[in-house]
Amino acid sequence: MSSYMEAAAAARAAEAKTEGLLRGACALLAAAAALLVGLNTQTETVLFIRKKATVKDVQALWVLAMAAAAAAGYHLLQLLRCFYLSRFADGKPCRHRRAIAWLCFLLDKGCAYITFATTVAAAQACVVALYGTHALQWTKLCNIYTRFCEQVAGSLVCAMLAAVGTALLSVVSARNLFRLYPSMLSPPPSSFVG
């Protein structure tokens with residue numbers, strides 16, 4: 001029986017390390033996206049007028065920078081929780097285990113949805129900046145502010161990878177949550193005589 005307990009403890013430690021690595025990767029990707037888009041500026045001269053492109057010129061990019069920074073902070077806090085559980089918890093039972101699992105599950109889902117939604121909204125705004133909209137007489141901007149648009153594209157890639165990683169983390173937190181509930185299936189009858 002003790003070998004089973006040791007194997008279960010080793011499996012929990014491996015799961016915590018894997019979750020920690022995934023959370024660390026998501027935190028780095030979200031922080032990279034926030035920094036790439038948030039600190040991005042470019043100044044160009046157009047018809048003898050100096051114009052500066054910043055993240056605040058496009059509301060969707062500003063929202064992406066704030067959401068990515070918040071997601072990076074959230075993943076960092078969850079990474080600290082994973083570190084604590086893998087180092088100090090040692091399988092001790094917790095009275096509030098289900099409540100904490102529900103909270104992590106809901107926060108992971110919310111983070112995944114917000115990260116994905118803000119990334120897609122920023123990508124839509126970037127498509128307008130890339131191609132323009134002739135019906136509204138909006139001109140292309142990426143042929144003027146090339147470096148700015150390239151950095152925004154890099155931040156969109158990082159943010160989308162962070163959103164996919166966050167979706168995977170929400171699957172992990174769902175597994176951790178529903179593992180705390182007993183199975184509703186009845187055990188198979190043990191009438192087999194052998």
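Every residue gets a Cβ built from N, Cα and C, even glycine.
Here's what Swiss-Prot has on this protein:
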TOPO_DOM  1-18  topological domain 'Cytoplasmic'
TRANSMEM  19-39  transmembrane segment
TOPO_DOM  40-59  topological domain 'Extracellular'
TRANSMEM  60-80  transmembrane segment
TOPO_DOM  81-109  topological domain 'Cytoplasmic'
TRANSMEM  110-130  transmembrane segment
TOPO_DOM  131-151  topological domain 'Extracellular'
TRANSMEM  152-172  transmembrane segment
TOPO_DOM  173-194  topological domain 'Cytoplasmic'
For the transmembrane segment (60-80), distant same-chain residues with Cβ under 8 A (at least six beyond the ends): 20, 23-24, 26-28, 30-31, 33-34, 37-38, 104, 107-108, 111, 114-115, 118-119, 121-122, 124-126, 152, 155-156, 158-159, 162, 166, 169
DSSP-assigned states of the topological domain 'Extracellular' (40-59) in counts, ordered helix, strand, coil: 4 helix, 12 strand, 4 coil
Sequence-remote partners of the transmembrane segment (152-172) [C-beta within less than 8 Å, at least six residues beyond its ends]: 15, 19, 22-23, 25-26, 29-30, 32-34, 36-37, 40, 61, 64, 68, 71, 75, 78, 105, 108-109, 111-112, 115-116, 118-119, 122-123, 126
Rounded mean pLDDT for the residues that make up the topological domain 'Extracellular' (40-59): 80
For the topological domain 'Extracellular' (40-59), distant same-chain residues with Cβ under 8 A (at least six beyond the ends): 65, 122, 125, 129, 141, 144-145, 147-148, 151-152, 155
